[in-house]
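Visitor: First the structure, which I've put down as structure tokens, then a few questions once you've had a look.
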Amino acid sequence: MSFMDQIPGGGNYPKLPVECLPNFPIQPSLTFRGRNDSHKLKNFISEIMLNMSMISWPNDASRIVYCRRHLLNPAAQWANDFVQEQGILEITFDTFIQGLYQHFYKPPDINKIFNAITQLSEAKLGIERLNQRFRKIWDRMPPDFMTEKAAIMTYTRLLTKETYNIVRMHKPETLKDAMEEAYQTTALTERFFPGFELDADGDTIIGATTHLQEEYDSDYDSEDNLTQNGYVHTVRTRRSYNKPMSNHRNRRNNNPSREECIKNRLCFYCKKEGHRLNECRARKAVLTDLELESKDQQTPFIKTLPIVHYIAIPEMDNTAEKTIKIQNTKVKTLFDSGSPTSFIRRDIVELLKYEIYETPPLRFRGFVATKSAVTSEAVTIDLKINDLHITLAAYILDNMDYQLLIGNPILRRYPKILHTVLNTRESPDSLKPKTYRSETVNNVRTYSAGNRGNPRNIKLSFAPTILEATDPKSAGNRGDSRTKTLSLATTTPAAIDPLTTLDNPGSTQSTFAQFPIPEEASILEEDGKYSNVVSTIQSVEPNATDHSNKDTFCTLPVWLQQKYREIIRNDLPPRPADINNIPVKHDIEIKPGARLPRLQPYHVTEKNEQEINKIVQKLLDNKFIVPSKSPCSSPVVLVPKKDGTFRLCVDYRTLNKATISDPFPLPRIDNLLSRIGNAQIFTTLDLHSGYHQIPMEPKDRYKTAFVTPSGKYEYTVMPFGLVNAPSTFARYMADTFRDLRFVNVYLDDILIFSESPEEHWKHLDTVLERLKNENLIVKKKKCKFASEETEFLGYSIGIQKIAPLQHKCAAIRDFPTPKTVKQAQRFLGMINYYRRFIPNCSKIAQPIQLFICDKSQWTEKQDKAIDKLKDALCNSPVLVPFNNKANYRLTTDASKDGIGAVLEEVDNKNKLVGVVGYFSKSLESAQKNYPAGELELLGIIKALHHFRYMLHGKHFTLRTDHISLLSLQNKNEPARRVQRWLDDLATYDFTLEYLAGPKNVVADAISRAVYTITPETSRPIDTESWKSYYKSDPLCSAVLIHMKELTQHNVTPEDMSAFRSYQKKLELSETFRKNYSLEDEMIYYQDRLVVPIKQQNAVMRLYHDHTLFGGHFGVTVTLAKISPIYYWPKLQHSIIQYIRTCVQCQLIKSHRPRLHGLLQPLPIAEGRWLDISMDFVTGLPPTSNNLNMILVVVDRFSKRAHFIATRKTLDATQLIDLLFRYIFSYHGFPRTITSDRDVRMTADKYQELTKRLGIKSTMSSANHPQTDGQSERTIQTLNRLLRAYASTNIQNWHVYLPQIEFVYNSTPTRTLGKSPFEIDLGYLPNTPAIKSDDEVNARSFTAVELAKHLKALTIQTKEQLEHAQIEMETNNNQRRKPLLLNIGDHVLVHRDAYFKKGAYMKVQQIYVGPFRVVKKINDNAYELDLNSHKKKHRVINVQFLKKFVYRPDAYPKNKPISSTERIKRAHEVTALIGIDTTHKTYLCHMQDVDPTLSVEYSEAEFCQIPERTRRSILANFRQLYETQDNPEREEDVVSQNEICQYDNTSP
């Protein structure tokens, strides 16, 4: 079939001779401009094909020319270009049309189409214009997007209530039929009841003469009328305006069209001259012309329909409570005339065993739900209220205060309920429905009203409010004649069914487009339940989806709902006939010699027997069981459920003992959780009675026979209670989903997880498709679709979150204290399920374990363990799921009490992202005797075994605070168990990282005295003494003077302005004045004590600095402590200033962010080997000739590097020798050398030589290796290459150094895009792997050519370096800010910048100082007045500096001057900041003395300091200030163990 044959209009038509071509001129209306409108393009092609098919064309070229004449720009321009490229004689007409279609076709925008539909309504457009526009828009819909029934439902939502109700009663089967019925209904209404229309709310009928305005419709075009926001531009008309349909099948062909009527001034109704429509006599004689014409036959539109009239219920919300009986069960009922439908609680439905049927989703909010919620289940209820029998349908809710709520539709249908329950004043007779019957005699229709069978003639002067029709199908099914009514004048068409829409079907604010439209949507289902309309009770914002309700199926895409509605349901259908086709069947193998059960039924009560019979009958109906003649029999028992119903269980214990076990391991829950990774959206599925969906092996069915008091039955499906049933089911589910990595299956619980909604729909489709193929049914109400958080196997799983369920934690928290071993075991069993959330769980639970093992009595220790476990679980951190692409760090620890570990996820900067899991284990008695090294290794091995499913085969970091691993690996003959551990350890890929530990003997941090400057320890405040300060305080004195308690004041001149301001406020403002009061001679502001100015610092010192009341917290906490008790003006401002100038806070609190100083890179190198940088790589294992260090020298221009093997004993003289031999002799003398402050570079010999050679030596600031970033980056690459090359021969790493240097210099750099060799030499040296061509031939250049080539490379390289430097500055300086200091300023220095890390750093101050700035090096580096004993340089980068904020009034004491005063105040020494070994003096800081000042103590005076304080400050001084012994930086070390971990890593 050709492309043209697939387009409407492309079929075969009778051919005419080509001479007829002049008779087919170009049609201006048949044009295509090239808009991306698929509907218009298809119409254009169809019309063109239709016209051309009627002519005999000589060739394809003439057909192309004819089609081209109907194209306008830009389509015409495309056609010209296409024909010129292809050649008009070379292409076929089919190719031309196909090209046009592919170029301009655009798939329709479904959202835009639906938005356009929502703007249509019969009330605005009239029925004909509605039909025309709806059809035009609907034709743009993809053919398979929606079923015919869904299209009908969508269309009927646009009709007025009158038309809507009548159309759905006729059950149209196609959209065309629905539109036809709507047109006929509207036409009939106009002819029956001229001059009447509904008012705005549709509740009453008012008389009005309709004047039809002569208005025209604009031709509807998708691009012109579908705007970006989806609104449709239309011409406004009266809601009763209906343009005649000239081509309607019930209209005569000779009838003039509407345009002709307008042109010739004809009546729209009778088509005659001389009058208008509202004056037409023929139209007024409506009762004499009731039959509508039809082409085929004359059919009356409405047969005899009884018309029922109800007395209007007052428009008020009447409510009443009443207890009614349903099936002898008392039900608490609310009669509410304000509710638009009826509801019933789920527990009553289950108790009364009502049959539940599905409905489209109903969204509601109000009395029955505080938030928007959705339900899609309903039941039919038969009620009897006094002598009134009622049948109603009610939606099912999970939670509601009342068990049943009967709403307005039922109360309007049965007014007698109002008289009985709500006590209305109408008499019972007046509340009886009045029935009107219509009869047609001699083509004249008359109406009669019937009351108790006595008809009387009446004159009908208004439109009927209710139409009532008998449903014969319902009557046949239920044995009675159920009446279905249709309301035309009420807001809710409740007479058809209470489960209907509340909003106006014709309203433009309809919300149907916000909900998925089900495939099975229909106007009226066969059982009489109208359930196709998506119902709302209150309007909901678009896309406002509430996921709190259990029914989330409606949130899925439409195509998923349509595809899988049959398998996602709340009821379990009968056993399908092809269930035996399932590849898995359950069999029962009996042990040899075992006897099958032959047991009698248990005794049951009559009530229980009835329950058993009901359940058995339901199983029989579903074909799950059949009557049996088996020789076996097992008894049954009834197990009560939480909702009061029962579950039938078969006692298969005897059968299970005789069955051969078939164990199949269930998946580990922690393994399942580890697969979630970075999932963002989740769905949980629960199979509906999963066991009952697997058939029994026919030969083994008789073994499942069970006996009840009324008979014997056997299962055709797998029953619950069989010993091997879980294995069969688990094996079946594992085989079904084994290859899907996005699915976790645990028996009948299924979790689907994805990283995006689009991916999730595909995953969900895959899983549901397999379930559908296996005939497995999913229980809808237990599923949760497409949510960001869900519950699975007792865990709450969300985005980057795994947490225990709160109600499970609450159950553990409320668990009573165990008194017996059994209770203790039960408690630990609950704890063990969540032990992954509890750090050191085994250690905490050890006292309970001792009690269970009868090694201890229950004491206070066990009580504390219980409380600790409960607190740890309830306050447990939220774990993050394992992500195979992330970086992980495992930290282990071991002690005599047990071993523990924590697995953490870290980012690329080694910062913590979250905890993945905890592990802990108690030690056995023998393990407690292991040496410390083996015990630490045991902890590592156990932790690796526990997290093996995550870490094996993945690189990670292993942290431990013990060097056991290295020492044990170096043993010649380790113990056998250690050897096994080391072999096991070798199967993992990890980097070993040792936690920093103490290397010097220091005092215990806990026993150390405070060594920083702190204000005097505050004493409790004596508020009585404040009275003496009132006179000098401006506020207090003003208040006392106003209260006549004070006549004179002592306010200082500085405070006089504030004093006068307070006086003025007290005189003029009542609000200000009433806040102050005097009690016991103390001034209060409201209920807070007013603090004088001179006592404000004392209050802040107490609540900020005091060891009991303070704690040096921040502004918020300190304000919260002070403000409820004390008051003074600008209280918050005072607290902010006080804390900002607190010395202790400045020293101990981390400064965030520490991004001071803008990035200032080194100047760009001018040429090759003019500017070089160098550094050392240390920590290498010694080689056979004792080489254990590498000198790295890098040309900052070409990035070429030399790696020179040497020894750590290298001194300055030997360093100079290496530079001459390997650098200067090959490349000449550089202008600058950049390095760190290594002792070899700071040596006098090195400095003297570089000075004589004219080399400028630039060094980094203290502890800031980023200054020499070039060397640091090169060393990182060198370390990686060493691990790759020397992994199998670590003792001879120096052998591989030349190869590593060649590989490094041959590799292009990211900055320059070329290799260092190419930049330096002008060519890439030849290698065996490549042929020598291109730039390699540069070696054969002439001298002039080579010079030109190198010069070009130099210019290009400088430009690239400058560009890279600008980009680096731009990227790094975005989050930085400059810190500008002046000479003489005091600053605090971060401990990481200058001082050595030691033990107990958590209790050490973060900043030290203050120190004075003595010289500015540049904007990023300053020289400080550091102590003269310090050998390190005094230049510090601003990254580690913080301005010291000075508070003069915080230091009330002066420093001691005389020796006697120093000795007397020796106990006030708080810190040692320097030692002058020449003069044997000690520089100290003292309490309450300005910290910028130091006190010099002689050696004899220093010995007078209390011993405890002296030892403490000396220990702190050694730890923070002394020079490090090892000049090498630890981060450059490549340890033996690190190299071993990279045996499989390529460079």
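Keep in mind that glycine also has a Cβ here, set from the backbone N, Cα and C atoms.
Summarising the annotation, Swiss-Prot assigns active site, for protease activity to D336. Annotation comment: Swiss-Prot describes D686, D748, D749 as Mg(2+) 1 binding site. Taken from Swiss-Prot, the feature Mg(2+) 2 binding site covers D893, E936, D961. Swiss-Prot lists 1106-1145 with the feature region 'Integrase-type zinc finger-like'. Swiss-Prot lists D1175, D1236 with the feature Mg(2+) 3 binding site, giving similarity to another entry as the kind of evidence.
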Visitor: Just jot down the residues in the same chain as D686 (Mg(2+) 1 binding site), at least 6 apart in sequence, with C-beta under 8 A of its C-beta; none if empty.
Guide: D748, D749, I750, V778, K779, K782, C783
Visitor: In whole Å, note down how far the CA of D1236 (Mg(2+) 3 binding site) lies from the CA of E936 (Mg(2+) 2 binding site).
Guide: 37
Visitor: How many other Cβ atoms sit within 10 Å of the Cβ of D893 (Mg(2+) 2 binding site)?
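Guide: The Cβ of D893 (Mg(2+) 2 binding site) has 20 Cβ neighbours within 10 Å.
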Visitor: Inside 10 Å of the Cβ of D1236 (Mg(2+) 3 binding site), count up the other Cβ atoms and send me the figure.
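Guide: Taking every protein chain into account, the count is 23.
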Visitor: Taking the Cβ of D748 (Mg(2+) 1 binding site) as the centre, how many other Cβ atoms fall within a 10 Å radius?
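Guide: The Cβ of D748 (Mg(2+) 1 binding site) has 20 Cβ neighbours within 10 Å.
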Visitor: Give me the sequence-ordered set of same-chain residues, not including D686, D748, D749, with a C-beta within 8 angstroms of the centroid of the Mg(2+) 1 site's C-beta atoms.
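Guide: Neighbours found: T684, L685, L687, G690, Y746, L747, I750, K782.
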Visitor: Pop the Cα-Cα gap between D1236 (Mg(2+) 3 binding site) and the residue listed as 'active site, for protease activity' into the table, whole Å please.
Guide: 85
Visitor: Rounded to a whole angstrom, what is the C-alpha distance between D1236 (Mg(2+) 3 binding site) and D893 (Mg(2+) 2 binding site)?
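Guide: Taking the Cα atoms only, D1236 (Mg(2+) 3 binding site) lies 36 Å from D893 (Mg(2+) 2 binding site).
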Visitor: Kindly state the mean pLDDT of the region 'Integrase-type zinc finger-like' (1106-1145) in the predicted structure.
Guide: 82
Visitor: What are the DSSP helix, strand and coil residue counts for the region 'Integrase-type zinc finger-like' (1106-1145)?
Guide: 21 helix, 2 strand, 17 coil
Visitor: Please identify, from the recorded positions D336, D749, E936, D1175, the residue with the sparsest Cβ neighbourhood, meaning fewest other Cβ atoms within 10 angstroms.
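Guide: Lowest Cβ count within 10 Å among the recorded positions (D336, D749, E936, D1175) is D749.
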Visitor: Using DSSP and collapsing to three states, where does D1236 (Mg(2+) 3 binding site) fall: helix, strand or coil?
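Guide: The residue in question, D1236 (Mg(2+) 3 binding site), is coil (DSSP, three-state).
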Visitor: Using DSSP, would you call D893 (Mg(2+) 2 binding site) helix, strand or coil?
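Guide: In the DSSP reduction, D893 (Mg(2+) 2 binding site) maps to strand.
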